[in-house]
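Notes follow once the structure below has been shown.
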Amino acid sequence: MAAMRKAVPRRLVGLASLRAVSTSSMGTLPKRVKIVEVGPRDGLQNEKNIVSTPVKIKLIDMLSEAGLSVIETTSFVSPKWVPQMGDHTEVLKGIQKFPGINYPVLTPNLKGFEAAVAAGAKEVAIFGAASELFTKKNINCSIEESFQRFDAILKAAQSANISVRGYVSCALGCPYEGKISPAKVAEVTKKLYSMGCYEISLGDTIGVGTPGIMKGMLSAVMQEVPLAALAVHCHDTYGQALANTLMALQMGVSVVDSSVAGLGGCPYAQGASGNLATEDLVYMLEGLGIHTGVNLQKLLEAGNFICQALNRKTSSKVAQATCKL
């Protein structure tokens, strides 16, 4: 494959003077949004070519420099299942730990949790789903059985004073079951919250959701779980990620997952774009007058760095618009 020409980020003209649009007809938007950067874990885990440990460490350090307050760093899963995450201990120990920044890691089981804690993890994440078929095909058990597995992690985490974040996959649709009942999403979310997850991220795993579906799902979940404990994780498969995120913001959600450069494809839709690009999210939020604490220019540099390392173009529209290829 021919080497890509190096992309040179241009300085964003007038970013600091972006005027907040009128939000009178949009409902009350949060004044501040916490962005959970998932690129180093969710974005890289399905890359076919192994990304070197130094590159992963530099990416995370650059994201820290950009001001992201939460950076999901790696996954303590067996290298047999996810070879890309085989260097999890080296990555977690090798990154600079910036004051005020959290570096959670994914721990699918108790063994992974114990390894993560031994490596210095202060926060972990667990993955559930609102679809029985997805759960069966993904981790070979029922939703109820998955809760039993999570219970061991949550009890160990409580004893070790480790915070646990929960994920609910297929919140807006499933590759196997199709439509998912909002009541089912609410049920699974409520269970994770009652078990001790301080925050639950509701994921549109295959990116089929629309703002209308997002509104219906969140309305059901918000009846069971405090709004402050909810986050959204949108995929852009059908170009709906920003629209769905905006709907969630209008409903009061103030925590959003995203991935630098839009890293992370949708494994169930061949060739489809994956995670919401952090650059695009930050640009939208800044334009709405919502504080993020993120330096967009430094974020663009981090995205450019990892795209060069992967020899691919960015999926971020903002990065595409502000770079000379």
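Quick reminder: no glycine exception, Cβ is built from N, Cα and C everywhere.
Small disclaimer: the values here were computed from a predicted structure and weren't measured.
Sequence-distant contacts of ARG41 (substrate binding site), defined by Cβ-Cβ distance under 8 angstroms and a gap of at least six in the same chain, are GLU72, THR73, THR74, SER75, MET85, VAL105, LEU106. According to Swiss-Prot, the feature substrate binding site maps to ARG41, an assignment based on similarity to another entry.
If you take the C-beta of HIS233 (divalent metal cation binding site) and look for same-chain residues 6 or more apart in sequence within under 8 angstroms, you find VAL38, TYR167, SER201, LEU202, GLY203, ASP204, VAL256, ASP257, ASN275. Under the heading divalent metal cation binding site, Swiss-Prot lists ASP42, HIS233, HIS235, ASN275.
The domain 'Pyruvate carboxyltransferase' annotation in Swiss-Prot covers 33-300 and rests on sequence analysis.
What Swiss-Prot lists as N6-succinyllysine is LYS48 (among others), and the listing cites similarity to another entry. According to its DSSP assignment, LYS48 (N6-succinyllysine) is coil. Around LYS48 (N6-succinyllysine), there are no C-beta neighbours below 8 angstroms that are at least 6 residues distant in the chain.
According to Swiss-Prot, the feature N6-acetyllysine maps to LYS48 (among others).
Within 10 Å of the C-beta of LYS111 (N6-acetyllysine) there are 13 other C-beta atoms, taking all protein chains into account. The N6-acetyllysine annotation in Swiss-Prot covers LYS111 (among others).
Annotation source Swiss-Prot lists N6-succinyllysine at LYS137 (among others), citing similarity to another entry. Around LYS137 (N6-succinyllysine), taking its Cβ as the centre, 12 other Cβ atoms fall within 10 Å, counting all chains.
The secondary structure of LYS137 (N6-succinyllysine), as reduced to three states from DSSP, is helical. Swiss-Prot lists LYS137 (among others) with the feature N6-acetyllysine, giving similarity to another entry as the kind of evidence.
Marked as N6-succinyllysine by Swiss-Prot on the basis of similarity to another entry: LYS179 (among others). Spatially close to LYS179 (N6-succinyllysine) yet at least six residues away along the chain are GLY173, judged by Cβ distances under 8 angstroms.
LYS179 (N6-succinyllysine) falls outside any helix or strand according to DSSP and counts as coil. Residues annotated as N6-acetyllysine in Swiss-Prot: LYS179 (among others).
Annotated N6-acetyllysine per Swiss-Prot: LYS324 (among others), in sequence order.
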Spacing of the two Cα atoms, LYS111 (N6-acetyllysine) and ASP42 (divalent metal cation binding site), in whole angstrom, works out to 20
Once the DSSP letters are reduced so that anything not helix or strand counts as coil, what is ARG41 (substrate binding site)?
helix
Cβ within 8 Å of the divalent metal cation site's Cβ centroid: which residues qualify beyond ASP42, HIS233, HIS235, ASN275?
VAL38, GLY203, ASP204, THR205, CYS234, ASP257, SER258, SER259, GLY264, GLY274, LEU276
